[in-house]
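Below is one structure, written out as structure tokens; the observations come after it.
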Amino acid sequence: IHKAAAADIHNTHLYLSNMDMEDRVSHLEQRLQLQEDEIQLLKAALADALRRLGYCEEHNQGMQPGGSHAGRRPLATTGSAAPTKGLGHFKHELSPFPHFRKSMSTEQLTLVRREMAAESRSRTTSSSSSSGGKRWMDGYVRMFLRGRPVTMHIPDQQRESYSIDQKVALPDHKLKLQWVYGYRGRDCRSNLYLLPTGEIVYFNASVVVLYNTEEQQQRHYLGHNDDVKCLSVHPDMVTIATGQVAGNSKDGKLLAPHVRVWDSVSLNTLHVLGMGVFDRAVTCVAFSKSNGGTFLCAVDDANDHILSVWNWQKEKQLADVKCSNDSVLAAVFHPMDTNLIVTCGKSHINFWTMEGNTLTKRQGLFEKHEKPKYVLCVAFAENGDAITGDSSGNIYIWAKGGNRISQVVSGAHEGGIFSVCVLKDGTMVSGGGKDRKVVLWDHDYRKQSEMEVGDSFGPVRALAEGKPGELFIGTTKNAIIRAAFPDTLTPIVQGHTDELWGLDIHPSMEQFVTCSQDKQVHLWDTNSHQPLWSKTIEDPGRSAGFHPSGAVLAVGTMTGRWLVLDTDTRDLVSMHTDGNEIISNVKYSPDGNFLAVASHDNFVYIYAVTENGRKYSRVGKCTGHSSFVTHLDWSKDSKYLVTNSGDYEILFWEASNGKHVTNMDTVRNLEWSTSTCTLAFNTFGIWPDGADGTDINAVCRSHDGSLLASADDFGKVHLFSFPCSQPRAPSLEYGGHSSHVTNVAFLHDNSHLISTGGKDTSILQWVVA
């Protein structure tokens, strides 16, 4: 009995000793994790302090005496001078009609100058026989776009001094990206995170945005040259990876999809992965967690959706495998197992184990549970369980290390669950699609609270934990909302959701209006970077224009309808329909007494405007174009307008009746209130070699007449000196948009330039420095 009792006591001591050892190890692990977290926070805080010091130094330099721009650093990181090519030989006589060519060559630009000399052609008036005849001189520049001649007449005051070979300087000013409006939530996932610096990081077009919501400042990573599609933050909370789509450069070369790894403090690119490896686009990217973030996984948009694993610091691919024939929506490393990756998408969830350079798949088994059409998102609980949200509105918990479902939350949302986010305290939030709800769940997946995002912002796309008690919500309507349970929802980022063309600047305030095919009209404030108001209209929007008083603005649509809105109240003032095609331009005359409505039906409709923009009556219809009207400008005296068309015509019109002006002497010396026509004597230098006439979508002259900005099909904004009357004028080139840039406009005081993207739906605000 004594021996048995002694053995029991000994075993009890061993058990307690083991328990004590496990507790101590667990306690030490927790302390180690806390210390690691503190180190990362200290690193981030130090990095942020260094960034702020750099900002203060730059700001102090910018405040040096000698002008508002004295001491500014050159903005070489965002703009570069396009190389100036030789201007070639220009003849002083008309060249014969060329063979059809797409490109515009130097030899096809002809300057005609008839000098005043006795042997030159002259016209003798019947009333001046004693003078020996009146000497006559004429001059114009002719270029060819896709084989069509485009003739631009030289104003008299420029004709004597003009030379086709004159060297043109780069503009005296530069652009610096200040603000990106909007967020890409409509078709991207897991792309919103909070950094320890207090900045949220997300992307739109080809720009990755770091937005400090407290200080109302943005910084921008501009390393990409086309649409960014995915984003991941390294465990150190400083290093970031972003993946992009394939693109095309202006010379037709393919821009390869790739992943860029960069420093979020310095904005320097550290590594570029996968050039020539990925196909179409990189749609998912993630850092490993448990080994200090040494690995990075990526999924491309090839037919087989290749999953690859990289040692990103060595830029070395370690393994790759065909992931799925169907779409893959997420790929993440398990937080506790470096060699385990989870992918999910259409009708599948896969658990991948990496051994050496081999990835082995285990399919997730739904067994008796409903198999969803899509597994939309995946996250991990504190204990290592995987948590998925799917298109049926169910949340499934997959036990750590396995491929079977251990717990189900049925009907967690009505419709799909686009995002699940495990919070630092171990609770979880989920974001719904159809129901637009954000739901808070406790550790046992019991619903604690919920709130609903307004219909104007759309379904929940991404969730990120903010400060304690705070969330950031990204939506499919390209908005970001700061939220807190039970019902606090504050939009901090808003944008358009469909192709964007319509833009105009308030004539006297720091505001601008945009309208898009999403049927939304937004009046924006350039200081708060928020819409002052938004209005839903019945038709997709295409063009916009302020009345000179600023009291009303006109909006042209895709259907031939155009409307007038009160700028203060957004109330509908007037509505009209001209034809049934796209209204490409709505522009008031400088005196506010006329409105020109340009259509894709080849006509321009002119309306008399009274009662400070509240009453409209049609007075003319400009008939003469053989293709759709693309651009128009008013003369400063409001008596004439000039238009461009899709087949590269330049036509002039009388405002009072819409009559076509054919006598160039009438219009040659007119001063134009704006310069938005891409084909004009003072703007034709914007066209590069190889242009086919559709490569440049918009131009705009600064109000002081010193600068000209253009928007092209290659995602670039160009800045030229004005006038821009030499072929292939040199320019500064700026990226940020992806696909085509549709419009550009200077603010009324020339302090900023606004540019709009088409398919990327973005709005970029640039400082003119």
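Backbone N, Cα and C define each Cβ position, glycine as well.
What TrEMBL records for this protein:
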| type | residues | note |
| --- | --- | --- |
| REGION | 61-86 | region 'Disordered' |
| REGION | 114-134 | region 'Disordered' |
| DOMAIN | 217-482 | domain 'EML-like first beta-propeller' |
| REPEAT | 410-442 | repeat 'WD' |
| REPEAT | 493-534 | repeat 'WD' |
| DOMAIN | 500-767 | domain 'EML-like second beta-propeller' |
| REPEAT | 622-663 | repeat 'WD' |
| REPEAT | 734-769 | repeat 'WD' |
Near the repeat 'WD' (493-534), which residues from the same chain, at least 6 beyond its ends, have a CB less than 8 A from one of its CBs?
179, 181-183, 186, 202, 204, 211, 216, 456-458, 476-480, 540-550, 553, 555-556, 558, 565, 567, 570, 742-749, 752, 754, 756-759, 761-763, 765
Confidence summary for the repeat 'WD' (622-663), mean pLDDT rounded:
98
What does the DSSP secondary structure composition of the repeat 'WD' (493-534) look like, as residue counts for helix, strand and coil?
0 helix, 23 strand, 19 coil
DSSP on the repeat 'WD' (734-769): how many residues come out helix, how many strand, how many coil?
0 helix, 19 strand, 17 coil
Summary of DSSP states over the repeat 'WD' (410-442), given as helix, strand and coil counts
0 helix, 16 strand, 17 coil
